[in-house]
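Student: Before I ask anything, here is the structure I am working with.
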Amino acid sequence: MPAQDRNPTNRPGPKEGLTGTRLGRSVLPYAMLSPAVIVTLAIVFLPMLQTAWMSLHDYVLFRPNDFTFVGLDNFIAALQDEVFWISLKHTVIWIGVTIPAQLLLGLVTALLLNQNFPWRPVARALIIIPWALPSVVIALMWVWIYDSNYGVMNDFMLRLGLIEQAMPWLANPKTALGAIILTLTWQGFPFFAVMILAGLQSIPRSYYEAASIDGASTWRQFWHITLPGISGVLVTSVLLRTIWVANSFDVIFVMTGGGPGYSTYTLPLYAFVKARTNLDFGYGSALAVLFTILLMGVVMVYLRRTGKAVQ
Amino acid sequence: MTIYKTLGLACSALAFSAAIASADSTVRFWYHFDNADNPMDELVANFEAANPGITVEAENIPWNSYYDNLYTAVIGGNAPDAAMVKMFAQPRLIGMGALEPIGERIDAWDGKADLLDNLLDLTKAEDGKSYYLPVQYVVLYLYYRPDMFAELGLDVPATCEDFRNVAQQLTRDTDGDGQTDIYGFGFRGGKGGHDHWGSFTLGREGVNLVGGMENDSAAEGTQFVVDLFQEDKVFPPSAPNDGFQETIGGFKAGKTAMTIHHIGSANGMVEALGDNVDAAPVPSCGGGQWTAYGDESTAVLSSAEDKDAAWKWISFLSESGNNAKFNEATGQLPVTKSDSDGWTLHPKRFVDATVNSLPFAHLLPNTPETSDFVNTVWPVSMQRALTGDITAEEMNAEIAKLFGN
């Protein structure tokens, strides 16, 4: 007679049940996570590995059968490439100016939106518009704003007497990158505003009441209550936005295509142009890998330093 | 017995459905028109009515990323079955194994005799095979504003020196506010502007994209363009980034008094300016004239599922009558003799400028490097030269390096 037949309820014994539950508990999370993990592996990690593999090869798409292993040649070539260094310099300026500008503007906006005033919900809804618009729409809109013949920017500045001649903002290498940074600052500050506003609303009002009773000035309240209260949100938002801004080139691509010359080239854009327009996927991948390593370095340093500061 | 009957019926049903499947094929066709409407609809409807069982899915791809999309689609295994293509892309597409030879089909095709002379030879590949079927052509010439020329008592420039003089005079502040209101020439510094630069540089003695870029004549040509922008300021300040829309838009709006383009813009210009637009061949520079021959063909991609259907569609577009309709939509010139005779779509002055420019019209070199020249090397180095980042000689050296001399 089989063992289970002796157990009329067909339940496992106490020891057996415990093992089963334990096994279930240890396997279940993996089973539940595996679809997401498999999809992530397939659409994120596999292309990443493929990019790293391609970066070690001489691979130009219009010679599809020629896939020669060249080791680190593409990386060495990149480090000796003038355009790589120009693009890296622009990427540093791009991140270094855009993120603080967005953060500052977002912080001021959030502090204003946190005050009580009529139509506050409408103002909160309106502020999100730049963030909600597609990048391409924003880029085209700002191309018209900057237009040297018909743009409102020139018209406005000429009327105010700030400039004497209409400026080709996007066609002048001295102003093109700055003009695009201003566009991206306008697009991205609502993200900071919304995140910081959420952080501000989680700070109990009683802290401020206690501080005012103790005679703390508005500035000291901001420094000792508001800033520590939103520091967690700030760290996360800056990190996320740094990664997004660093990788984004759609606005640049639409507004100038990297021009004039190389004056608005950033590393992701250079990698894109090399791979997609010149079809040089080996070199383009090497640029992308180099940029990823650099960005990872920045993110790790940032996390270490801010982690300590927040603690 | 019943089983056999059932089996027999099932087999017949399968065979029938297979027959239906093979009769129905879809031709995915990519094209690029400056015109934002979809003028292919009528041609597609006519073709489908004449060829039951073939469906055409025609997709208008924006010009600026047309070849990026096409090359990537070829590599990604998602290429269209047939596409509009230019000669400069031919060596690269052949290198990728993306084109289907169509020489035999052309020979067996009724429309061959009606094609304009020499077009099939012009579009032949280096290996002697035919992969392209011409569908339209244009030649670039100078558009100018006769009213502005008359106002200032100027003649149409015949040489580069005349051009410079005329452009300087045409660049004016018309309302006295200290701002320049009209610029002498609308220069295209963005992608596609190599034709403008070419007219001032490539006609000069000893200048050639392959093997003739690092000499004094070539340097003079590029320097001439740079000086027009930097010294004479006869181009709008946005010129380094300007593309098709900006240069043509600027001319139509009266912001520029001259520009270079082909007959494809003529009707739009007449609509905007009436009789105040005229055309002439580009000036002669440094002892020679050079203008771009704007070719456009169609091709069957080697990955096409039904190559016969794809060929039927592209040959349909190059047949008398259909080719006229196609060119009515694109505003360019038909490749068939019967459609060319008595062509009335464009005002005569623009057809004359085209015909008069034909003797010195050239194609870009038929080499794989030409794609990079058009898409990246020329725009980037021209923009850098215009904005003073590099010299004219350095720009020419970049081009020479690309073409390997």
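Backbone N, Cα and C define each Cβ position, glycine as well.
Reproduced below are the annotations present in TrEMBL:
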type     : residues  : note
REGION   : A:1-20    : region 'Disordered'
COMPBIAS : A:1-10    : compositional bias 'Polar residues'
TRANSMEM : A:27-49   : transmembrane segment
DOMAIN   : A:88-302  : domain 'ABC transmembrane type-1'
TRANSMEM : A:92-113  : transmembrane segment
TRANSMEM : A:125-145 : transmembrane segment
TRANSMEM : A:176-200 : transmembrane segment
TRANSMEM : A:221-244 : transmembrane segment
TRANSMEM : A:281-303 : transmembrane segment
Student: Taking A:27-49, A:125-145, A:176-200, A:221-244 as candidates, which has the most Cβ pairs under 8 Å with the transmembrane segment (A:92-113)?
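Tutor: The stretch I would name here is A:176-200.
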Student: What residues in the same chain, six or more past the boundaries of the transmembrane segment (A:176-200), come closer than 8 Å to it by Cβ-Cβ distance?
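Tutor: Beyond its ends, the transmembrane segment (A:176-200) has Cβ neighbours at 90, 93-94, 97-98, 101-103, 105-107, 109-111, 113-114, 124, 127-131, 133, 135, 138-139, 142, 146, 169-170, 226, 229-230, 232-234, 236-237, 241, 244-245, 248, 251-252, 255-256, 259-260, 263-264.
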Student: Which residues of the same chain, at least 6 past either end of the transmembrane segment (A:281-303), have a Cβ under 8 Å from a Cβ in it?
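Tutor: The answer is 51-52, 54-61, 70, 74-75, 77-78, 84, 88, 91, 238-239, 242-243, 246-247, 267-268, 270-272, 274-275.
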